[in-house]
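Trainee: Pasting the feature list from Swiss-Prot:
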- 4-54: domain 'Kazal-like' (DOMAIN)
- C6-C36: disulfide bond (DISULFID)
- C14-C33: disulfide bond (DISULFID)
- C22-C54: disulfide bond (DISULFID)
- N43: N-linked glycosylation site (CARBOHYD)
Amino acid sequence: IASVDCSDYPKPVCSLEYMPLCGSDSKTYSNKCNFCNAVVDSNGTLTLSHFGKC
């Protein structure tokens, strides 16, 4: 199972690097930072579906 360590998030600003991840909500997040911020916002209910676009 793919996983991402979001322990050092949330962060106030994310870089613009494009390394897409697909969340369990079927949304494509542009990079780990954006994904991890969303994970924190979801109180941990959002998980990684897979790396790459959904």
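Just so you know, glycine gets a Cβ as well, placed from its N, Cα and C.
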Trainee: How big is the Cα-to-Cα gap, in Å, between C14 (disulfide bond) and C36 (disulfide bond)?
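Mentor: Given the Cα positions, C14 (disulfide bond) is 10 Å from C36 (disulfide bond).
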Trainee: What are the sequence-distant neighbours of C6 (disulfide bond), meaning same chain, six or more residues apart, C-beta distance under 8 angstroms?
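Mentor: Listed in sequence order: F35, C36, V39, V40.
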Trainee: Compute the C-alpha separation of C54 (disulfide bond) from C33 (disulfide bond), stating it in Å without decimals.
Mentor: 17
Trainee: On the 0 to 100 pLDDT scale, where does the domain 'Kazal-like' (4-54) sit on average?
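Mentor: A mean pLDDT of 97 is what the predicted model shows over the domain 'Kazal-like' (4-54).
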Trainee: So of C14, C33, C36, N43, which of the recorded positions has the fewest other Cβ atoms within 10 Å around its own Cβ?
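Mentor: Candidates: the recorded positions C14, C33, C36, N43. Fewest Cβ atoms within 10 Å: N43.
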